[in-house]
Amino acid sequence: MNTPNPLIKALISEDNLLNSYLLAQMLRRWNIAADMATTGHETISKATQTTYDIIFLDLQLPDMQGFEIAKYIRQQYSFSANTPIALTTATLNLEEQIQAQGIDAYLTKPFSLEDVANVLTQLLGKTFSTESEAQALLTKSYETIDLTYLRKLSNENIAFIRSMATAFCNQSPLFLEQLAEAADTADWETLRSVAHKMKSTVSMMGMSEADKLLNIMEDSENEYVTPNEAKQQVEQLERICQEAFVELADWRND
């Protein structure tokens, strides 16, 4: 998941405003604030007056070469000497040159979101995902629940899935209570009836183990099942549901 971090600040040095705006928009995905410079002298001025976490530096600005700018910043200003610099260029295969010029990485134009994320991850020492927060939440996996069915049904509607999760957590304890009482009293007809009602609920939540248990309760004749055996099945179902409640609480709170 992408975690907003307002403490990260970048400088984009680029004379093509479209490239600057595109890169700034990508950085906003991770809540990275960006200043812009369009010339070498403006870049040096900003880089030496403000502490940046990363500088994106165009290889060819109107008044200076990117390598020249990087060298000047590294040598003349100690507080910027270790600031990561990523060169932006349409030129390929610059690995050998950038290593000798004080450049830490480079981005090839046109920028891709994946390339920008990789450079940020490489230079800032933390992971920058290309997934949106919604995508990360929707694809989060758990041991007991699987929300694939609800995702497809709702066309990835998080609000709808949250409401279904809340309804499941509110409704299931009553089902479990009814099943426990039916098992205690050997009321097999009620046991089958409640199991039938609950089965569709757990199926929506992708709870395969719970679904299997409820199938046993619903489909078998059950008259031959002792109250103790029925209680064990209900207790196992309760444990699975408790795990699901915990996972759904975690999912809803993200």
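Placement of Cβ uses the backbone N, Cα and C atoms for every residue, glycine included.
Quick look at what TrEMBL lists:
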{"type": "DOMAIN", "residues": "9-124", "note": "domain 'Response regulatory'"}
{"type": "MOD_RES", "residues": "ASP58", "note": "4-aspartylphosphate"}
{"type": "DOMAIN", "residues": "157-254", "note": "domain 'HPt'"}
{"type": "MOD_RES", "residues": "HIS196", "note": "phosphohistidine"}
Next on the checklist: Suppose you look only at the domain 'Response regulatory' (9-124); what would the mean pLDDT be?
Outcome noted: 88
Next on the checklist: Cα-Cα, whole number of Å: ASP58 (4-aspartylphosphate) versus HIS196 (phosphohistidine)?
Outcome noted: 65
Checklist entry - Can you tell which of ASP58, HIS196 has the most other C-beta atoms within 10 Å, given these are the modified residues? => result ASP58
